Amino acid sequence: MTPLVRTVAPIIASIPTVSLFVCILWTMFEDTVGLTRTHCNIPNYIPSLSASVSTGFRKRIWIASIGSSCVLRLYIHILYNQGLADLLATVYPSKSVLFTAHFWIHYVEIFSLFLLTIFTSVENFTVHRNSFGAFVLSCGLFGLLDLYLLGKLKKSYFLALSRKRKCRCYATMTISIFLSALCYIIHNHTCFPHLYSLFALTEYIFILTNVAYHYYIVDVIGDVPFNVFDPQSRALSLDF
């Protein structure tokens, strides 16, 4: 029996979420140096993402979780993009520039996420920096385009709720990444106590809301079969 997207999506979302908390707690209890691993050497309450996942077995856990979830997301995005195209067939042709951009921008987001996970800032700062920039930019562009396309759908309770949820996630992602960058810059220049903890917290908020944003595809394609070996397209209807 082929599982539905709404069955697989929670698994995809839980893989990086669980591994993130495992790596954070592992660092806090085993690698206390990770809490102060900056040039300021001031106390912090929680480690940054790089301190939590860039060394030892924690790095392997993080790479494995991101890698496996990225592979699943590559396929599930095909279903989501096709599902939106089916629902908007009377508004935009499936081969329109909007759907092509919607498809490839998210692929850029996924690949850049995988690259910045593989190459840490310590191992290859240039690749990590460029991958992070591409990830944030593609994440922002995809969110705007995705919300625009969802706004063009025939209004139903579930679609309206889905767009509302995604709008909240997108707003939270935008605010958290801005605060994260601001805290990082101020920390590097002033070494203000505990500011690096706030930087780490906003990092984690961004990651978790990004996961939540993509999880809500279940509101659109939740009843589509998730069959990697027989990816037959299923036309969706606006009447649901």
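Heads up, the Cβ atoms here are built off N, Cα and C, so glycines get one too.
As stated in TrEMBL, the feature transmembrane segment covers range 101-120 out of the listed 81-100, 101-120. Among the recorded stretches 7-29, 132-150, 193-213, the one sharing the largest number of Cβ pairs closer than 8 Å with the transmembrane segment (170-187) is 193-213.
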